[in-house]
């Protein structure tokens, strides 16, 4: 099986390094492509089928013997997702973010980018990626170099023009390729015209071998995943072509400049086999004639020789390992320096008047000044007018920008989410600055998820896009987005409702009834203690961004829920009244005995807007995908359900007409749809 089986399997190079040395021969292309197909075929043949999801040219390695190995199975999955008309926009956005986290942009299949096509997302995406790999092997460039979403969705790639005198044979080649499978060839070989068929295939494939490869692309790079070849047929067609070209797919890739270690693949085997045969022939008749002392002496010498050989092999391997570790360490150091030191933050012009420049809180303090200076120099070089920089980070900026507004958002991973009122007021401030002068533009910096949230909110606020998914898609065309938590999607949905509805309809929808939180129910019991047998939970309640209640009084008063005795966590919330944006953050309490101090570990957080919920409900229900949580889902289980019991007053207190909240203060007539662009044809 052509998998890379770890550090003991000596790797001498990679396919990408081989391609960089020059064009590949047809034999090299077919052997590399067939090895990749064989590996994916074995994964798809499993029950259930395993999808690699990150099949790309960089994951094809070459061992010391010249055989190609497939590596990097960290994104593999057995899940097959089948979206349909019942899916909500939030579900589609979550799926798209999940796929973006486990795939490489240039190799993504159409069903991984267009969630509204309702195509099944499964093993067929590996076949699309194999088509991209084949294109790269043949033409040394990617069919979708720019990762353009529309080009991928519509399968708009072009083959280089190769003019030959045998162009008239193309229709014959295509007919032969699509008509003659391996089974049909076996049948034809049994009749008298087999020689003629073989001759035609051989001659035409020799002359126009790349046209055969272009037909592989046509069979793999199909928009509908259900129309792509399966791996059985794809491998079979490669075998047919290899047979016609007299290429042995079981032999290693030829013309490789392998390191000295690779000689052990052939010489080592040739030396071992004769020695085994000679030992078997000579030792058997002489065993009875040897004395015990001679046997012990020979055994000792043989053991010493074997030990010496083993130590020599280990020494050689360890030197190779240490060299690899040294190279990897240098590469990591170079990456850190280039990311945080030389290049600085990533600057993206979402539009000509909206720029995001993520500046992560995790950048080392020693490099932050250089990174920020690089960002400022890049912006000043590109700027055509004045700009205001909005810093969303808790870290203060050091450079002089002229117009600087620092509005730190809750830290990523804290469980807190920026409120809708805050986001709307922030966008209102940005629009006022943009309206002052046509050359003004906005720069947003801070953690990447914060920049993405504010940028998407501003796109919705200015009505440049109609819905949150369109805002995220617009940003995705410029940069690779991070994985947004569910609460961020919920806030974007509320902003979309505020800006898209008529004011009278919006006033009829929202209410200002008093909402009272009664209790929080969690089932099954999360496993957050050290032995993973239960948890000791407590909850903090926030309303409008302010903490209004906590179930924590002291560690001793917290109840421990253990399985199997407990199947449900029931946390009383003290009938606390809340309004506006409501967030409930649940922690696990752990006591450090040596320091006699309690540590809190975030379990999850949930959120809702009290003015938008149905006044007739008595419980809000959440599943695992609706919660902001850490990436480790093994502590919860897929069947997790969270219920928030509440009571809503019948009396609607209404809103202050003179000072309405931000959700009722949006004025679409005062905001031009072109406020974020410089020219009408920009978007």
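The backbone N, Cα and C atoms fix where each Cβ goes, and this holds for glycine too.
Bear in mind that the values here come from a model prediction, so they are computed numbers and not experimental data.
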Of the residue ranges 156-191, 192-227, 228-263, 264-299, the one that TrEMBL records as region 'Disordered': 264-299
Predicted model, mean pLDDT over the domain 'Protein kinase' (1-241): 75
Helix, strand and coil counts within the domain 'C2 tensin-type' (512-649) (DSSP): 9 helix, 78 strand, 51 coil
